[in-house]
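J.: Take a look at the following structure, please.
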Amino acid sequence: MAKPCGLMKSCHLVKPVSAARVSGRYLTHQKGLPGLPVPPLQQTCERYVRALEPILEVDELKQTRELVAEFQKAGGVGERLQRSLEKRAQNTENWLSEWWVLVAYLDYRLPVVVHSSPGLVLPPCYDNFRLNRKSQKHSHPTLPVEYLGGKPLCMNQYYEVLSSCRIPGLKRDSVVNHAKTSKHITVVHNFQFFALEVYNSDGTPLTADQLCIQLERICSASLQTNVEPVGILTTQHRDSWGKAYVNLSKDKTNRESVSAIQRSIFTLCLDGAMPQVSDEMLRSCAAVQMLHGGGSQWNSGNRWFDKTLQFIIGEDGVCGANYEHAPAEVSLWFLTTCVFLPSHVLFLFVLVCGNRRKPEMAQTPMVPLPMPQKLHFNITPEIKKDIEEAKHAMNILAQDLDMMVTVFGHFGKNVPKAHKMSPDAFIQMALQLAYYRMYQRCCATYESASLRMFRLGRTDTIRSASSASAAFVRAFDDPSKPNTEKVDLMEKAVNAHRSYTNMAITGQAIDRHLLGLKMVAVEEKLSIPDIYTDTAYAKALHYKLSTSQVPSKTDCVMCFGPVSSDGYGVCYNPMNDHINFAVSSFNTCKETNAAHLAQAVEGALLDMRTLLEQTPKAKL
């Protein structure tokens, strides 16, 4: 038997795809991509100060300008760090990617649940999937290359979504990928785990009918509900889970079971009931299930949150996914979930969970199938104590999270497009206006930008709060300002956001560059420059609005928790005639309220449309 994954010496970083796993076409494509550029130091310093203008007081900004001037002066520490970073860029495939995985994920010690891993709510399955009997392999080595603005994008992360798993450490986590050997998926039902082989002995994938039989076998073999929910250990603070993982792994049976989960292609969670809620709260309740499972009394223990990809199907047809995104960014997981997963698999899951009609079995002669392997765990008193502590902490977190999923049904991408505005920038300005109306101030705002234009590119930050957006939101409700001026300010704010977006995706934003300069100082054991200990830098990274546009032709919505205790998480999917929003906050913060922000965003969007329609300048 192979050495259990939990005891393997695994790298702390997500490695690029090995040559053995991909085609020559892929390798040629990857080698042709440019490396991530290092922006000019002076450019980043100037843009950093400009980004601070809407969120700092005048006296704070004055002090920061002085520190930045000292940092970037000729012969200063900034120039030294810049030279070292440029040298690193010449000697690595991507100067950022290793550092980013460490800083953003593997060294991050809060629970991945809510704080890091997003959830995805898909439309209810029921009868909207048609059974497709064509078999598909899970890891095709020649995915079509994607393009943005005519330029090819890095495809490496697609090969890291399946067969990957995060492994807890005492101080730092790691990630392993088993794509070369994975032949099974993990299925969890009533807190009990099973390894389900999805290939026949001749190497062909199981048919839809075979999968259905195997899933029914699993459900029949896991009817008891009073088992210890070992999966809830993965909801813990990473240091706590690292210690519990050591305890769990002392037993050989436990090691083998954990290894089977880690080596699987993905996890399928067959959930029990959800809390009974009103129809208007159903999508919000579904989002909670996808994000954290609802607490120990519901489905939080019916997960393995370290697994990169978890598909979740409720007994009532509610379906979606959860994603641990150390190996690859959210946009690729989203595409994998919504595009590349065969629809017949989702259909079968619903058949099993919802007690729906079985597909006709007579069409395909059935070969005897091996029984899915139940993964056993031996629960010692010490592990039992760890589980109880995990339950307690998870329940506190579940009660703290306030989630509101809404459908803005008045219009979608069609309105901003009619006025020749970027839909994303238009929605971001509505978020800025909504926040300003609630709090009478602007805040640091994060929106994710993809760096896949570059080899092994991950993300950078689009800073949606700008001087232009601040001028727009301050003027919008000012009765002394004419509408033509307000429209002009709106257009400038939208264009400024679009400009920053283009800057970010072409590797010219400020946040990852500043991080890189700081990491050079750490690696070279230099004193951390004053601009990083300045309170302004902490304010710049304190995102009270953490946002993401995840567009899809599927009528779905992604959701995630706030990144600050007094902030909001906002994800949106702009469809042509409506917009799906998921807004989150923490109940322990008395200043924030997800429903209030969702209402404010609706009001801002409607008022912005009214302004455009009533102002002659805006008419086409």
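Backbone N, Cα and C define each Cβ position, glycine as well.
Straight out of TrEMBL:
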- 36-602: domain 'Choline/carnitine acyltransferase' (DOMAIN)
- His325: active site, proton acceptor (ACT_SITE)
- 332-353: transmembrane segment (TRANSMEM)
- Lys413, Lys417, Ala418, His419, Lys420, Met421, Ser422, Pro423, Asp424, Ser450, Arg498, Gln549: CoA binding site (BINDING)
- Tyr446, Ser448, Thr459: (R)-carnitine binding site (BINDING)
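Please situate the listed features within the shown structure.
T.: Cβ neighbour count for His325 (active site, proton acceptor) (all protein chains, 10 Å cutoff from its Cβ): 25.
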J.: Looking only at Lys413, Lys417, Ala418, His419, Lys420, Met421, Ser422, Pro423, Asp424, Ser450, Arg498, Gln549, the residues listed as binding CoA, what is the longest Cα to Cα distance in Å?
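T.: Binding-site diameter by Cα atoms for CoA: 26 Å.
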J.: Would you count the other CB atoms within 10 A of the CB of Ser448 ((R)-carnitine binding site), including those on all shown protein chains?
T.: 19
J.: When you measure from the Cβ of Thr459 ((R)-carnitine binding site), which residues in the chain that are at least 6 apart have a Cβ under 8 Å away?
T.: Trp100, Glu329, Ser448, Ala449, Ser450, Leu451
J.: Quick one: give me the count of other CB atoms within 10 A of the CB of Arg498 (CoA binding site).
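T.: Within a 10 Å radius of the Cβ of Arg498 (CoA binding site) lie 17 other Cβ atoms.
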J.: Rounding to the nearest whole angstrom, report the longest C-alpha distance spanning Tyr446, Ser448, Thr459, listed for (R)-carnitine.
T.: 11
J.: Just going by other Cβ atoms within 10 Å, which of the binding-site residues Lys413, Lys420 has the emptiest spot?
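T.: It is Lys420 that, of the binding-site residues Lys413, Lys420, has the fewest other Cβ atoms within 10 Å.
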